[in-house]
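The next block holds one structure in the form of structure tokens; read it before the comments.
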Amino acid sequence: MLSSTITRSRPTATMAKLAGGMLVAGLATKYTIGVAHAESPAAPPRSQVFGRGPALVSLVLEDAEMVNHNTRRLRFRFQDKEAASGLPLTSALLTYSWPKDSWLPVIRPYTPITTADETGHLDLLVKQYPNGKSSTHLHSLKPGHTLFFVAPLSGHQWQPNSYKHVTLIAGGAGITPIYQLAQGILNNPDDKTAVTVVFGVNSDRDVLFKKEFDEYEQRFPGRFRAVYTVSSPVPGSPHRKGHVNEALLKEVTPAPGPGNMVFVSGPPPMETALVGSRREPGILEKYGYRKEQVYKF
Ligand SMILES: Cc1cc2nc3c(=O)[nH]c(=O)nc-3n(C[C@H](O)[C@H](O)[C@H](O)COP(=O)(O)OP(=O)(O)OC[C@H]3O[C@@H](n4cnc5c(N)ncnc54)[C@H](O)[C@@H]3O)c2cc1C
């Protein structure tokens, strides 16, 4: 199964496929989901592409587009166009690919930005890093090429109405799980959780999902809000300037207290600044959040 889905051969193909197969099977066993569909308001779709345990599916790229200077949205087609991903909030997918000029395959997780019950396809949003093996490979894929998905990875197992308010803090490409969670909460008519997204980026052109978040603000006034802060904004930028810091959180989010929860997803320096390290407390703890009120993706 595994070997039939790998699109290129290498001199060391047999050994590497074997090693890759063992590695992905190990990772899949370690991280795969105990599926809980508590957040899904809709009737279960006819078939689900990802269930419990390893997935081991190869999906064809249907189309792709650049959404900004370094980020590409890729749509992968399901073989059964009535099927849905079935992934619970919050999940990522472990991918396995073999970049050009690389002697070894790479295994990286990516977070679908389409919902669990969307049929026929799933979308990934991938930022390309300079010399990034997997991200450069994904940016090079053309419609008709395939990507191998090894297994779903579980994040926080969301239960609707567990909190009154959630603050979702994202940095850069870390927006994907934050968007997935915001979307899952707001699209579930039974979930009344209020949501504030705080999105920190380097420059104005790195802001993603502005249109989608604007629509949520229109649909859920007083319940959903997105705040953008840009480290190096252009003159006249509509966004705030600076990093996500305590002053900003105090201004735009409710004070820490029972019923409030924070989710953080960003580059490591941002996560450390917010969540802290062994040596010093982070911004969230200084603000008053207890450890169990903060989830880091
Ligand atoms: C659970 C999870 C979900 C994820 N979901 C997504 C997603 O939806 N979209 C997405 O684009 N990425 C996502 N990522 C990150 C992704 O898995 C890869 O790490 C990323 O694409 C870089 O891989 P690479 O092989 O291209 O880079 P590598 O070859 O591993 O690294 C190349 C260079 O890029 C730098 N680099 C790599 N990652 C980062 C980073 N996060 N921040 C700053 N510099 C970095 C490295 O320092 C290195 O210099 C997710 C990660 C996790 C853990």
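Keep in mind that glycine also has a Cβ here, set from the backbone N, Cα and C atoms.
Automatic prediction, not curation, is the source of TrEMBL annotations.
When the candidates Thr90, Thr146, Thr167, Thr176 are compared with the FAD site entry in TrEMBL, which names Arg108, Pro109, Tyr110, Leu125, Lys127, Lys133, Ser135, the shared residue is Thr176.
Among Arg108, Pro109, Tyr110, Leu125, Lys127, Lys133, Ser135, Thr176, the residues given in the record as binding FAD, the maximal Cα to Cα distance rounds to 19 Å.
When secondary structure is read from DSSP and collapsed to three states, Lys127 (FAD binding site) falls in the strand class.
In the three-state DSSP assignment, the secondary structure recorded for Ser135 (FAD binding site) is helix.
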